[in-house]
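So the structure is just underneath, and the comments pick up after that.
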Amino acid sequence: MSTCQPSAHAIKDTTALLKQELDATATHVIRAPGRVNLIGEHTDYNDGFVLPCAIDFATEVAIAPRTDNRIRVVAADYDNQRDEFAAGARPQHSDKGWANYIRGVVDVFIQRFGPLPHGLDMVVSGNVPQGAGLSSSAALEVAVGKALQTAFGLDASLRDIALLGQQAENEFVGCRCGIMDQFISALGKDGHALLIDCRSLETETAAIPDELRVMIIDSKVQRGLVGSEYNTRREQCEAAAAHFGVKALRDVDLAQLQAARDELDPLVYRRAHHVITENARTLAAAQALRAHDVERLSTLMAESHASMRDDFAITVPPIDALVEIISAVIGKRGGVRMTGGGFGGCVVALVPDSLVDEVTQAVQRDYPARSGGLVAQIHLCRAREGAHVL
Ligand code: GAF
């Protein structure tokens with residue numbers, strides 16, 4: 001088992017690398033965390049509710065201003081690969097995948113604030129596991145956004161930076177994600193989950209009880225289908241909303257949906273059923289967390305998982321097995337469900353301190369046989385603060 005920090009993949013010393021690779025002296029280092037979602041899956045792009053927390057895996061960016069108009073970037077986790085482009089014009093796409101997240105953020109900042117007045121050197125490094133559904137992309141976008149805001153003294157709040165990060169991902173990278181990941185990476189609160197209303201963008205904090213640990217169990221299932229299936233789910237949700245003539249499924253209640261069952265394509269009905277019931281569960285879970293009602297939380301997380309499996313069809317057999325293995329240990333003394341976009345990735349469990357070892361042993365003992373030989377990786381996390389200058 002590893003804890004979130006220090007992890008097997010430590011964040012590199014970006015300040016030292018800035019000097020070594022670009023002969024520049026850092027003026028600031030910015031840090032933005034990954035996230036784990038406790039409940040509220042595929043609800044954000046339906047204008048619904050989510051309940052994530054930021055975790056201690058993060059991306060860091062060291063910056064130094066330049067006197068010319070070049071933006072130079074070193075990706076410390078990609079063998080110090082480099083990217084370079086002009087600060088004064090909207091960037092083109094790069095053939096390096098990682099570079100497009102940075103170029104995308106620069107592009108939306110230029111659209112919003114105009115050409116950047118001078119160049120910038122940046123070194124980027126992070127330890128958010130990639131492809132595990134813990135929002136490594138959002139952490140990178142938010143870190144770069146906060147870096148640009150800091151370097152150029154731009155009038156952009158953390159909320160603006162989150163929205164610009166999402167815009168970069170939607171428009172430049174080409175993934176139609178919702179707002180959850182960038183928002184929690186920007187605005188996470190130490191020790192707390194954040195209930196986010198993805199329509200109004202209002203937030204409420206919910207303290208995670210001291211006696212509960214946030215366990216993230218990486219199934220190690222490759223998230224192959226996530227791009228195409230994610231977009232298909234969005235289209236199905238939009239089709240359901242269109243049937244009711246509303247902007248988003250947020251505006252449809254369960255009774256309305258049930259009354260229209262015969263008029264809807266059965267698959268569209270199930271997708272909408274997940275979203276509508278998940279919104280209600282998310283609001284209830286925030287209340288249960290605040291009331292330290294672990295039994296209720298446990299039930300809601302179990303129902304959320306079943307809904308993702310049966311209605312939204314985004315879980316896979318090894319993930320279902322992991323949830324069953326952990327659930328058999330914790331019963332109603334904690335909660336467990338798949339977290340993130342689906343088709344692999346991680347399971348999140350809220351587990352009393354006293355059961356952490358037992359859960360770990362059960363996963364190590366039972367998961368390989370139930371997953372065709374996969375070995376899960378367990379991270380023991382705490383809820384952390386969102387993006388900030390170190
Ligand atoms: C991904 C997306 F980026 C989020 O916006 C959200 O939709 C999530 O999947 C599912 O809840 O992380």
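A Cβ is built for glycine as well, from the same backbone N, Cα and C atoms used for every other residue.
TrEMBL lists D181 with the feature active site, proton acceptor. Taken residue by residue with DSSP, D181 (active site, proton acceptor) is part of a helix.
Neighbour count (other Cβ atoms within 10 Å of the Cβ, all protein chains): 29 for L134 (ATP binding site). For G131, A132, G133, L134, S135, S136, S137, the entry in TrEMBL reads ATP binding site.
Summarising the annotation, TrEMBL assigns domain 'Galactokinase N-terminal' to 24-65. Within the domain 'Galactokinase N-terminal' (24-65), the DSSP-based counts of helix, strand and coil residues read 3 helix, 26 strand, 13 coil.
What TrEMBL records for 100-189 is domain 'GHMP kinase N-terminal'.
The domain 'GHMP kinase C-terminal' annotation in TrEMBL covers 286-368.
Summarising the annotation, TrEMBL assigns site 'Transition state stabilizer' to R35. R35 (site 'Transition state stabilizer') has a Cβ environment of 31 other Cβ atoms inside 10 Å.
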State the residues, same chain only, that lie 6 or more residues beyond the ends of the domain 'Galactokinase N-terminal' (24-65) and have a CB under 8 A from a CB inside it; answer 'none' if no residue qualifies.
4-5, 7, 11, 14-15, 17-18, 118-129, 134-136, 138-140, 142-144, 146-147, 150-151, 176-181, 184-186, 188-189, 192-199, 206, 208, 214, 216, 233-234, 237, 241, 247-251, 274-275, 278-279, 281-283, 285-286, 289, 300-301, 304, 308, 312, 314, 335, 337-342, 346, 348, 350, 379, 381-390
Pull out the recorded positions from the set R35, G131, A132 whose C-alpha sits within 10 Å of the C-alpha of D181 (active site, proton acceptor).
R35
For A132 (ATP binding site) and R35 (site 'Transition state stabilizer'), determine the Cα separation and express it in whole Å.
11
Need the DSSP three-state call for L134 (ATP binding site) to compare against my parser.
coil
In whole Å, how far is R35 (site 'Transition state stabilizer') from S135 (ATP binding site) when you measure between their Cα atoms?
6
